[in-house]
Amino acid sequence: MKTKIIVIVGPTAVGKTALSIEVAKAFNGQIISGDSQQVYRGLNIGTAKIRPEEQEGISHYLLDVRDVGESYSAYDFVTEATQAIREIEAQGQLPIICGGTGLYIQSLLEGYHLGGSVPHEEILAYRAQLDSWSDEDLFGKIAELGIEIPQINRRRAMRALEIAHLGGQLENNLPDYEALLICLDDKREKLYERINQRVDLMIEDGLLEEARWLFDKAPTSQASKGIGYKELFPYFAGQVSLEEAVDKLKQNTRRFAKRQLTWFRNRMSVTFYQVGNPDYKNQVMEDIKNFLDK
């Protein structure tokens, strides 16, 4: 029997973390972070990492598991999240994945992962190329390569071509998990307003000092390429004013939120919940209960 898991995704600043705590408390769960930046020790403010006092006694996995000079990939995430799910299940508790890194979460849920040597950026670039192909082009390439796919559709065809092109291995044809995918959303103007406010609060909370530490310690690392840090590096180098850097950070975060929503909408079978709906949490809880009772 497949392991049932809850997955909470959505754009940055929409309220995923707070909801994950409520779900964990209501359904005896533990939380696995699905965020590519929160794995890094020392990057707390810019990644909006949940603080220990906010965890309310709920165990969290895949936070602070790498130093900032180290790399982290979808391969690493799938390997470590799989182990975390096993540990949580062995304790008789519910695994809850919460985060906004669609590539990582999708790789876990679809039952395969690409080889650990494939850079994140290369995967994204090839996926963008496949996105531009018509169904006819995709299925034609599948036939040309002699790839056999049960119940072929566009999504499966794209996965198979990614694996063939990037040299990964299909570990499972079917996923190991039965997942309920919850995607939080909000009206654009509300979400963007929260993003701008969050950035201002991050600056007040010490983001400049945190980013400066990263700039001095590992300026060319994978960690330094994350939104929240790279925008401030030109300020440290004396190339732009602080106001310009912060404006760029807000702009990049808004654009990132838009890309996240596009990913979840087009690549994952999620159910959307509007956080502006005063009853949305009750609906989430009811849907989780029904899912677990099946």
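Cβ coordinates come from backbone N, Cα and C, glycine included.
Taken verbatim from Swiss-Prot:
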- GLY10, PRO11, THR12, ALA13, VAL14, GLY15, LYS16, THR17: ATP binding site (BINDING)
- THR12, ALA13, VAL14, GLY15, LYS16, THR17: substrate binding site (BINDING)
- 35-38: region 'Interaction with substrate tRNA' (REGION)
- THR101: site 'Interaction with substrate tRNA' (SITE)
- ARG127: site 'Interaction with substrate tRNA' (SITE)
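Taking all protein chains in view, 26 other C-beta atoms sit within 10 angstroms of the C-beta of GLY10 (ATP binding site).
Among the binding-site residues GLY10, ALA13, GLY15, LYS16, the residue whose Cα lies closest in space to that of ARG127 (site 'Interaction with substrate tRNA') is GLY10. Straight-line distance linking the Cα atoms of GLY15 (ATP binding site) and THR101 (site 'Interaction with substrate tRNA'), rounded to a whole number, equals 15 Å. Counting in whole angstrom, ALA13 (ATP binding site) lies 13 from THR101 (site 'Interaction with substrate tRNA') by their C-alpha atoms. Other than the site residues GLY10, PRO11, THR12, ALA13, VAL14, GLY15, LYS16, THR17, same-chain residues with C-beta atoms no more than 8 angstroms from the centre of those residues' C-beta atoms, the ATP site, are GLY100, LEU184. THR101 (site 'Interaction with substrate tRNA') and PRO11 (ATP binding site) are 9 Å apart (CA-CA, integer value).
Secondary structure by DSSP for the region 'Interaction with substrate tRNA' (35-38): 0 helix, 0 strand, 4 coil.
Listed in sequence order, the residues GLY10, PRO11, ALA18, ALA48, GLY100, LEU184 complete the 8 Å Cβ shell around the substrate site centroid, once THR12, ALA13, VAL14, GLY15, LYS16, THR17 themselves are left out. With the fewest other C-beta atoms within 10 Å around its C-beta, ARG127 stands out among the recorded positions LYS16, ARG127. Within 10 Å of THR101 (site 'Interaction with substrate tRNA'), as judged by C-alpha distances, no binding-site residues are found among VAL14, LYS16, THR17.
When the binding-site residues PRO11, GLY15 are compared by the number of other C-beta atoms lying within 10 angstroms of their own C-beta, GLY15 comes out lowest.
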